[in-house]
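Record features, source TrEMBL:
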- 183-278: domain 'PROP1-like PPR' (DOMAIN)
- 121-155: repeat 'PPR' (REPEAT)
- 156-190: repeat 'PPR' (REPEAT)
- 191-225: repeat 'PPR' (REPEAT)
- 226-261: repeat 'PPR' (REPEAT)
- 298-332: repeat 'PPR' (REPEAT)
- 333-363: repeat 'PPR' (REPEAT)
- 377-411: repeat 'PPR' (REPEAT)
- 412-446: repeat 'PPR' (REPEAT)
- 447-481: repeat 'PPR' (REPEAT)
- 513-547: repeat 'PPR' (REPEAT)
- 548-582: repeat 'PPR' (REPEAT)
Amino acid sequence: MPPTTAAAAATALPSPSHRRVPAAKSVWLNPNLPTSHPLHQRHKSAAELQQRQHEDRTIDVPALVTALSAARKAPDLAAVLAPHRPVSARLLGALLSRLTDPRRGVALLDLLAPDLPAPALLIPYNLLLRSACRAGELRLASGLLLEMRERGVTPDAFSYSTLLAALTRAGHLDHALTFLPLMEDDAVAPDLILFSNLIHLALRGGDAPKALTLFSRLRAAGIRPDLKAYNAAVAAYCKSDLIRDAKWLLLHDMPAHGVAPDAQTYSPILSALARRGRHLAAVSLFSHMRAVARVKPDLSVFNIILNAYGQLDLAREADRLFWSMRRAGVPPSVVTYNTMLRVYGDAGLFGEAVHLFDLMRSASDGNGGAGSGVKPNVVTYNTVIAIYGKSLEDEKAGRLVQDMQAIGVQPDAITYSTILSIWVKAGKLDRAAKLFEKLREAGTEIDPVLYQTMVVGYERAGLVSQAKRLLRDLKDPEGIPKETAIKILASAGRLEEAAWLFRRAANTGEIKDSSVHRAMMDLYAKNRRHRNVIEVFDEMRKLGQLPDSETIATAMNAYGKLKDFDKAAALYQAMREAGCVFSDRVHFQMISLLGAQKDFKELEVLVGELSHDPSIDKRELYLVAAGVYERAYKIDKASQIISQIRSSNEFDVQKVR
């Protein structure tokens, strides 16, 4: 710009301060900018800020809070705050942090929000969120977070963690999970603590598939799990019967990341091995835990291994371990004593069992002794009653029921089913039937075991009509939850009765337990009613329940039997994208379905993906693929895979040598 033009522009600009601008610097002035000098403006805004802070400090905040708490309507709030408008963010935060009623705080924020720009509203909203969560107003807190986003106030990590932590503590897992996509949209990454809380909540709710999905999200977010997260993931794998995946985490992934396991890491795996009857593997892992990992067993681990010894007919080893627990600093609990009673009973060591039981009863009588402090409970009595049944002492078993009632231990359904079973085996069916009818008339809770005991007893005695009468009663149960009745009928293999009652309960929305859906799917699958399997599976999905690996395998098998390969593939892909952790059976089933569909291109892609998954048994994977090619008469491809398996085996042998 020529000097004359710059000078003309400078003289044309009005200057409230009438401060002279040197001609040489007149070229810096922009006619489109505000008239005040930037430095002058900064001094002015700083002065205003200082004045506002001084005014905030002179305000009697407690008195203002008292006046706001006494206000009954919005005009009253406005009148109290009128002398202080426009308010600063600092004053608004001070007021919100002192108001105990979150709904009054919402009214205050709605009134004063126009005084502040959107970014300045973040802290007030966070204070309101915290207040609403502390007051248990979770619906209000959820609405506040959504309102923040609508007003252009981006929630931060504190906003989400406060709300999600409150939702998880209250048990609203599904509602909490709906905010995870919003966190991604707002570029707020969930932290390790939040993921751990969500995983533990899913486990407490019995939803292991959802827990594994959350753990997969944690890993995908690049967050390194700590011991708490690993323990939760191991427990979720074990609840889903994915024991190999749990052991891989324990023996490979955790050491690779420098996370040392503890007894709570081993306990779920040992328990899962015991549930599957792999007691020798449980004992082997217990030896690894003590000798290699140098992890001190806790009470639950001791209980699991005592039971494993009993199942392996190693009663003497169990006896030595039991009496060494106190020396190891782990005093036995009533569960430990009950386990040892069962071990003695299964081994036929009735004398040892009765002696241990007498020690426990001496504790309940207050006489002290070696069993002092461990009093028998209903499980103890149930176990000893079963031992008397094994020794054919049904009269002693009956008297023991009276003894437990005399000391205030009330029999449960297992007590009654045990004594009923003993009497049925002893040929005292009339006595068993009278007790069963007496229990029904008294309104005693009837569980599936108790009903099954009488049904089996009647059938063994040839009283088929009585057995059918009991089963007919379950179609219109009185005093028995319909979910329980359905599981009884399904476990008894009564297809038509179970299907009729399930459809009736499903139509009225009475089916909430996913185990009922699984029981019906298994029953339909056994009877080759594949379309009904899919119907029950769809019903389960409509309720928002995340299926486990075995349920998905059952549904995919049904799709395969119906030749509906596309839906099977869509289900497999959708569940993988949702983060579900599959057992090998599901993956291998998908390979078989692709083979049946003659889609060998997709089959090769899937086998290639699975071959890089460390949790997949590679030998089984290649054997399944070879079998698919063999059934499709692709003998060359099948023999090529078999040759690869043999060569890899020879390589492994050479490495071991």
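Note that Cβ sites are derived from N, Cα and C of the backbone, with glycine treated the same way.
Since we're looking at a predicted model, the values are computed, not measured.
Here the repeat 'PPR' (377-411) has a mean pLDDT of 84 out of 100. Long-range Cβ contacts of the repeat 'PPR' (513-547) within its own chain (Cβ-Cβ under 8 Å, at least 6 residues beyond either end) map to 174, 207, 209-210, 213, 483, 486-487, 490-491, 493, 495, 498-499, 502, 506, 554-555, 557-559, 561-562, 575, 578, 580. Mapped onto DSSP helix, strand and coil, the repeat 'PPR' (298-332) counts 22 helix, 0 strand, 13 coil. Helix first, then strand, then coil: DSSP counts for the repeat 'PPR' (377-411) stand at 26 helix, 0 strand, 9 coil. Only residues 6 or more beyond the boundaries of the repeat 'PPR' (121-155), in the same chain, are considered here, and those with a CB under 8 A from a CB of the stretch are 89, 92-93, 96-97, 99-103, 105-106, 109, 113, 162-163, 165-167, 170, 172, 175, 179, 182, 186, 188.
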